[in-house]
Amino acid sequence: MSSTPSTHNVSPATSLIQQRGYVLTIIHLIKAELYIVRKRTLTRILLAVALLIILLSTLESIVFTYYTRASSAESYKVSYCINAGMLNNCHPTATQLEVYKQQQVVSVSNPLRLPGSLSGIVKTTLSTFLPVLIIILIGILVGSEYSLGTVRLMYTRGPTRIQYLCAKMSAAAICILIAYVVLIPFNILLGLMANLLSGIPQSLTFFSATWLLHALLFSAIGAFGWFVWSMMALCFAIIGRSRVCLQIITKAE
């Protein structure tokens, strides 16, 4: 009787079915993660906070625009002379001061119009204030996994840890994509409505296929920055939770 173990060859069809089953499991887990995020009250609170931040940023631009427009042209005499480099014997005419004031109104109200509104929200709001919200959102994903027991059940049949991690990473990417699709148009529309107070019409001379491609790439770079923050939060949350679980198991023993 031969002692060599018999090799079990897996057919290509069986291997393909297993691969499809692996991917389908991840897809089902992504749906479950998105369902958890959608049903959490904290998710709605984070969305409301993000919209409030954008609203306050737009309100700030409105206040500065209104103040600049309401100021008299004579109040810009000193600023005009400093920018012109004529501190001595500077006597600008009323027309020059009015033109200079109009330039200041255009500059201050630029965040309310395209392309300034897109650049402002991606560079400032989405990159400075809102990454904290995505970090909290990723904490929800990791926290829900521990509360559901998918970490503690390490040796049971079902999805593997790699599948859970892939699902969480994919769910984080989808949440970031949804946030960008919601927040950027909201900021642009809000800015266009607020721009009516400035009296400066929205010009579309900048719009072209090249600009649209650059805008998409610019937004994608900002979204990738969010994704990096989310992955860092995911790693630190898993490490922190794992240490807590290890301490609890050690004390229980």
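Glycine is treated like the rest: Cβ placed from N, Cα and C.
Listed as Cβ neighbours of the transmembrane segment (45-67) (distance under 8 Å, sequence separation of 6 or more from its ends, same chain) are residues 105, 108-109, 111-112, 120-121, 124-125, 129-130, 133, 136-137, 179, 182-183, 186-187, 190-191, 194, 197-198. If you look up TrEMBL, you'll see 45-67 (among others) marked as transmembrane segment.
Here TrEMBL flags 128-148 (among others) as transmembrane segment.
Per TrEMBL, transmembrane segment is recorded for 169-192 (among others).
Within its own chain, the transmembrane segment (212-239) is flanked in space by residues 115, 118-119, 122-123, 126-127, 130-131, 134-135, 137-139, 141-143, 168-169, 172-173, 176-177, 179-180, 184, which lie at least six positions past its ends and keep a Cβ under 8 Å from the stretch. Residues or ranges marked as transmembrane segment by TrEMBL: 212-239 (among others).
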